[in-house]
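S.K.: Take a look at the following structure, please.
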Amino acid sequence: MTAHLKKAELHCHIEGATPPELALRQARKYSVDTSAIIRDKAYVWEDFTSFVRCYDSVASLFRTQGDYALLAETYLTELAEAGTIYSEIIVSPDHGNTIGLGADAYLEGLAAGMEAAKAKTGIESRMLITGIRHLGPESVAKTAEYAAMRRHPLVTGFNLAGEERMHSVAEFARAFDIVRDAGLGLTIHAGELSGAFSVRDALDHVRPARISHGVRAIEDADLVKRLAEEGVVLEVCPGSNVSLQVFADFASHPLRPLYEAGVRVTLNSDDPPFFHTSLAQEYEVAAHVMGFSDSDIDRMTKTAIEAAFVDEPTRERLLAALHV
């Protein structure tokens, strides 16, 4: 069991963290039929395209600041109960605008939930604003401008998510320059649905501190060596990768070879209930399926805190908390 281990997470999409039970309550609140996306208290999808449709349907059940406060507090409290001391959630102001709530109110609702969870459990958390790749470079640049301007104390990073196979990384370089100049931490989805080349392109054109996923770097030995030498941190999500059939099973997942090659890796849950996982389950799989020792896993957690987009006093407190 890994229940005794402190945990930290750098990669979770907040709408994708919605427990099915909460989605059902929200559906009743707004009189929405969820029979096509939730059956037997589990989300229903078959492939990446239907997963995105299901995800969007669940996200549409959150419509007010209070809804988003509830979502953030629910997820972070669940994490804290599993021994998690730090969490970064990926958030989309574009979604706040799309539903008519507005980006500012969307962020404020999430922030209220984060603060409530911290007051209740002590868990520290931050938000990473994400651009949506398949909406195109201009849309992502506008999101980057918003992130740079907003200056919310809990917004500390920027990500690029969405359909990895649309648009080249180079087309988003301007967006990342905007947020880099604003002092935000940088990470980008790459090396998940697209191959090793997408990780290399991200390193060349975006120069991020971290890569969201990045696991298909394993297809290129020189790239793996580069990741290790440059100290780029991978936000690895094994349960997600297996559910989406990026890899057939945990036995063929490259977390261990990446770790043994000296790449800095961390454990994450991505969209946990959609993939029948949780951060606690990812730690269990690492220990009992992939064979990592407690000290190996502690090292991954320490890496997550070292790579977290937080101020240095907060980082020092979190590192100290690992050994309490």
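Cβ coordinates are placed from backbone N, Cα and C, and glycine is handled just like the others.
Fair warning: this is a prediction, and the values are worked out from it, not measured in the lab.
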S.K.: Among HIS167, HIS189, HIS205, which residue does Swiss-Prot name as a further Zn(2+) binder in the site formed by HIS11, HIS13, ASP270?
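M.R.: Within the candidate list, Swiss-Prot flags HIS189.
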S.K.: At the level of the C-alpha atoms, what whole-angstrom distance separates GLU192 (active site, proton donor) and HIS213 (site 'Important for catalytic activity')?
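M.R.: Approximately 6 Å lies between the Cα of GLU192 (active site, proton donor) and that of HIS213 (site 'Important for catalytic activity').
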S.K.: Given the binding-site residues HIS13, HIS189, ASP271, which lie close to HIS213 (site 'Important for catalytic activity'), meaning Cα to Cα within 10 A?
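M.R.: So far as Cα distances go, the binding-site residues lying within 10 Å of HIS213 (site 'Important for catalytic activity') are HIS189.
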S.K.: Over all shown protein chains, what is the count of other CB atoms within 10 A of the CB belonging to GLU192 (active site, proton donor)?
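M.R.: 23, counting other Cβ atoms within 10 Å of GLU192 (active site, proton donor).
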